[in-house]
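Heads up: the structure comes next, in structure tokens.
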Amino acid sequence: MPSFDEVLKEAGEFGRFQKRVFFLLSQTGITFSSLFASVVFLGRAPDNFWCRIPGAAELSERCGWTLEEERNFTVLPLHLGNESATGACERLDVAWDTSASCTSPLARYGNLSTGTLPLVPCRDNWVYEQPHSSIVSEYDLVCGNAWMLDLSQAILNLGFLAGAFILGYAADRYGRILIYLISCLGVGICGIIVAFSPNFTVFLIFRFLQGVFGKGTWMTCYVIVTEIVGSDQRIVGIVIQIFFTLGIIILPGIAYLIPTWQGIQLAISLPNFLFLLYYWVVPESPRWLLTRKKGEKALKIMRNIAKHNGKFLSPHYSEITITNEEVSNPSFLDLVRTPQMRRNTLILMYAWFTSALIYQGLVMRLGIIGGNLYLDFFISGAVELPAAFLIIVTIDRVGRRLPFAMSNIVASIACLITAFLPEDIPWLKTTVATLGRLSITIAFEVVYLVNSELYPTTLRNFGVSLCSSLCDLGGIIAPFLLFRLAAIWLELPLIIFSILAAICGLLVLFLPETKGISLPETVEDVEQLPSHFGKCGKKQKHRDTNSYI
């Protein structure tokens, strides 16, 4: 009996059926990347706000002041008395009542100079010219509460982390497409609740849950795509990253056209409900069905794939199976029990952590260096497009390992050079920084592909989920590391990024080369992969002689 990959080749490795499924599932990348980077626009710093003096609202209503007039009476005297005071995080320690003068409300304090009046920190009485433009103005995440904006992004990444474990495990046990559909429903529902959260606590709870389900959609769609194509077509795992980049490019346009954060949140959440229609057009992964000993269902799907691809499977195929390995509920011990699996797991975990930390750090660094937020964000996304094309033209020619290592090394060098370039050569500093962003994007995209190729079918979704969870840990750390180190020296984060990337570039050289090799189906297959620094690129099939279809 032929192997599963031989049956897949007979049915079509990347025919009309796979192309349709690939295109449909790739749309998930757009919505996921929008969720991933949405805090940049949901948390925009308000253009103009100040601290309201107690009683000012009532006095303003009685006197018929505009917001600008109220601001002048509140902030201007404060600034005249103390030039360093902006009126945003502190106010004069006074109170106005309805008897105060409409033309000079501070006249009751006689000849006292405003510079001699005491100042107090503002607590919860801020006024915003655009009160619903972002979550910052909605929930008063300014001044002493500014750290809570970083917390909102950390909570989202914590949701990604939980989703990687919980839904990664569930997808290996209950099926890829079932968990994908449940995750899409969860993202949509939680996204709506986030948009209408009555307070910041509710916002955080459902943003966490949206992160959990969001990670479920991205992981499972990626695994389904890589499991229904042949070994020579797994480059689709890189192409799907282009849709992630498209989400990054589209997001600033959405934010520019929609003036409120609630509108932006709904715009990136509601499309997930459309993905529920995939129930009728995207089948379960036949590879997963085989690992759960559901050969008849897998064979039925394979015949359907062949039919749509204009091919025909031999009628004598009455049973299909790929492995006699016992199916059990996966655990972390399964990923580190054998030498090759252990080395792969530890290196991939570090690569995920490093790629995410540096990638998110460089994206958020745009907010520190200033500029046009919408334009800068668009350009930073457009820079990522060449990354996928560079991978596509090189990865099947020179393999996975060398581009993986070189992209990290180049990112390391670029970050280091950028840190020490003088500010009076902005074009050169921007060019080198862009090279670093491009390089770490390549590394980030290659790790997706390599990760899925280095685990057997029975552990693939769990392995990808576990290793990519370190990506979410990097995302949790990134905002705090960036802003705390930048407060010491603006370029200090780049030095840390450079060190981390250099170490990663060296470590990935110890991974097996998977170019042209069929997806491993058992742990034994993984252990027989070409050793590090060995020959690569040769097509092989590592099979136990008792593993057959």
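Cβ atoms are placed via backbone N, Cα and C, with glycine included.
Features reported for this protein in TrEMBL:
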type: TRANSMEM; residues: 21-42; note: transmembrane segment
type: DOMAIN; residues: 110-516; note: domain 'Major facilitator superfamily (MFS) profile'
type: TRANSMEM; residues: 151-170; note: transmembrane segment
type: TRANSMEM; residues: 177-196; note: transmembrane segment
type: TRANSMEM; residues: 202-225; note: transmembrane segment
type: TRANSMEM; residues: 237-258; note: transmembrane segment
type: TRANSMEM; residues: 264-282; note: transmembrane segment
type: TRANSMEM; residues: 347-368; note: transmembrane segment
type: TRANSMEM; residues: 374-395; note: transmembrane segment
type: TRANSMEM; residues: 402-421; note: transmembrane segment
type: TRANSMEM; residues: 427-450; note: transmembrane segment
type: TRANSMEM; residues: 462-482; note: transmembrane segment
type: TRANSMEM; residues: 488-511; note: transmembrane segment
Are the transmembrane segment (202-225) and the transmembrane segment (462-482) close enough that 3 or more Cβ pairs fall under 8 Å, when only pairs 6 or more apart in sequence count? yes
Looking only at the domain 'Major facilitator superfamily (MFS) profile' (110-516), what is the mean pLDDT? 85
If we skip the immediate neighbours and take only residues 6+ beyond the ends of the transmembrane segment (374-395), which ones have a Cβ under 8 Å from one of its Cβ atoms? 37, 40, 235, 238-239, 241-242, 245, 248-249, 251-253, 255-256, 363, 366, 403, 434, 437-438, 441-442, 445-446, 449, 515
